[in-house]
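Peer 1: Below is one structure. I have some questions about it.
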Amino acid sequence: MDAYVCVCDSELGPPGWREPLDCVRASELCNQNSQCSSRYRIMRQCLSGGDKERSAMLASKECQGALEVLQDSPLYDCRCKRGMKKELQCLQNYWSIHMGLTEGEEFYETSPYEPIHFSEEFRHASIISDSSLSKMSPCSEAGKPCNPCLDAAKACNLNETCKRLRSAYNSICSKATPPQPALANQEPCSRKRCQKALRQFFERVSWELSYPLLFCSCPDQACAERRRRTIVPSCSHQERHRPSCLELRRICRSDALCRSRLADFHMNCQMTPHTVTSCPNDNYHGCLMSYVGLIGSDVTPNYSDSSPSNITLSLWCSCRGTGSHERECDAFHRDFTHNSCLKNAIQSFGYGSDDGALLVTEPSATFFPPVQPPIISKPAPSLHGNAIKPLDSACMFSTCANLQDGGQKCVPSDEFECEELLLNRHSSTRM
């Protein structure tokens, strides 16, 4: 007989509605139900192997049957918190269903992360107007040289955590790899270690200190070059040979974390023509957070040059030689190089939104539709900030928590003695 687990009323919304669980907890609930757990094991087998094998397996009757059952489970609309404990496991659980739903069909994918809520304070944040920086900024003193990126570095050095983690990634990303005669095309540094150190920096340092390093306004080329070198591009961003952008996307999608960050970027930075800022819901906050989430991944973006006025961002890839897929490749590449939402968000942060800076507009050259959530034949879940609960009494800090006014306090919670079977309840709402 299948196990029954109780869900507290606080986790359920109005009749026919329910708050999503994080995907780790959703997996645990699935494993407590024999029908769900058996189909979950089948689905994992369907997604194993290479691209061709996976596509053939997913088309089989057994895999389609397993996917149909799992769409009635809590795993279908679960979500993950940025920076949560077991984040990678949570993301892997999410893709164990959604890869089956989108494999070979979706150019853009729905983000597995909970939504980033709009923050007016963040939208209007500026390195120049920030009180902690203006006291030491030479920009406020007439006749003295102005370098906001240098000021951001000074502010970071005054904070022990920022200074330590910035020194750590600079050291790792600048360290030459011992030469090995057998590897003619060996990279000059340990790229994977460099990228990991970069991820740790942006995950553990507050946005008030890390974002000014990336998005500072620049009056001259020397400042813009410092901004470009913030992430040590020769190690984290560039390679000896520039790969195809589609190959870069394929490599990213083979990794659960990179795939999730890329989907999140597309969800929050996709150019939206019917908004004033070109951003979904006019949310600069969400776009910048999603952009920063890509740094330290296989699709690490960066400024393409040292121009102080013409902000151009790019991936380290090319669309040459992509043949019949060139149009698709160009569309993916232009999401970075010609993204007015991303440019407007950076300008609003670094240059201030009240200084008369003009909004950037870009002609849309992509034939792909903007990101939309998958069609769900049931009431859509309500994703509130408190909807996804921690799994144990340990503290969980998400990157977006640091963007809230006053941050998020750590309150240990043991509220899960009374969890209820979502599987049967969820199935009953579809009957």
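In case you wondered, yes, glycine gets a Cβ from its N, Cα and C as well.
Worth saying up front: this structure is predicted, and the values here are computed from it rather than measured.
What TrEMBL records for this protein is below:
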DOMAIN    23-102  domain 'GDNF/GAS1'
DISULFID  Cys30-Cys36  disulfide bond
DOMAIN    149-235  domain 'GDNF/GAS1'
DISULFID  Cys149-Cys216  disulfide bond
DISULFID  Cys156-Cys162  disulfide bond
DISULFID  Cys173-Cys194  disulfide bond
DISULFID  Cys189-Cys235  disulfide bond
DISULFID  Cys218-Cys223  disulfide bond
DOMAIN    245-341  domain 'GDNF/GAS1'
DISULFID  Cys245-Cys317  disulfide bond
DISULFID  Cys252-Cys258  disulfide bond
DISULFID  Cys269-Cys287  disulfide bond
DISULFID  Cys279-Cys341  disulfide bond
DISULFID  Cys319-Cys329  disulfide bond
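Set these features in their place in the structure for me.
Peer 2: Across the range of the domain 'GDNF/GAS1' (23-102), the DSSP-based residue counts are 56 helix, 2 strand, 22 coil.
Cβ contacts within 10 Å of Cys30 (disulfide bond), excluding its own Cβ and spanning all protein chains shown: 26.
Cβ neighbour count for Cys149 (disulfide bond) (all protein chains, 10 Å cutoff from its Cβ): 25.
A sphere of 10 angstroms centred on the C-beta of Cys156 (disulfide bond) encloses 20 other C-beta atoms.
Sequence-distant contacts of Cys173 (disulfide bond), defined as residues of its own chain at least six apart whose C-beta falls under 8 angstroms from its C-beta, comprise Cys189, Cys194, Ala197, Leu198, Ile231, Val232, Cys235, Ser236.
Cys189 (disulfide bond) has a Cβ environment of 18 other Cβ atoms inside 10 Å.
Under a cutoff of 8 A between CB atoms, and with a sequence separation of 6+ in the same chain, the neighbours of Cys218 (disulfide bond) are Asn147, Pro148, Cys149, Ala224, Arg227, Pro308.
Summarising model confidence by region, the domain 'GDNF/GAS1' (245-341) averages a pLDDT of 92.
The C-beta environment of Cys245 (disulfide bond), restricted to residues of the same chain at least 6 apart in sequence and closer than 8 Å, consists of Leu315, Cys317, Ser318, Cys319, Thr322, Cys329, Phe332, His333.
Sequence-distant neighbours of Cys269 (disulfide bond): residues of the same chain at least 6 apart with a C-beta under 8 Å from its C-beta are Cys279, Pro280, Gly286, Cys287, Ser290, Tyr291, Asp335, Asn339, Cys341, Leu342, Ala345.
Around the Cβ of Cys279 (disulfide bond), the number of neighbouring Cβ atoms within 10 Å comes to 27.
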Peer 1: State the Cα to Cα distance, in Å, between Cys252 (disulfide bond) and Cys156 (disulfide bond), rounded to an integer.
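Peer 2: With the alpha carbons as reference points, the distance is 30 Å.
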Peer 1: Report, as a single number, how many Cβ atoms besides its own are within 10 Å of the Cβ of Cys252 (disulfide bond).
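Peer 2: Counting Cβ neighbours of Cys252 (disulfide bond) within 10 Å gives 20.
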Peer 1: Work out how many Å separate Cys36 (disulfide bond) and Cys156 (disulfide bond) at their Cα atoms, rounded off.
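Peer 2: Just about 49 Å between their Cα atoms.
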Peer 1: Highest Cβ count within 10 Å among the disulfide-bonded residues Cys162, Cys319, Cys341: which residue is it?
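Peer 2: When each Cβ's neighbours within 10 Å are tallied, Cys341 leads.
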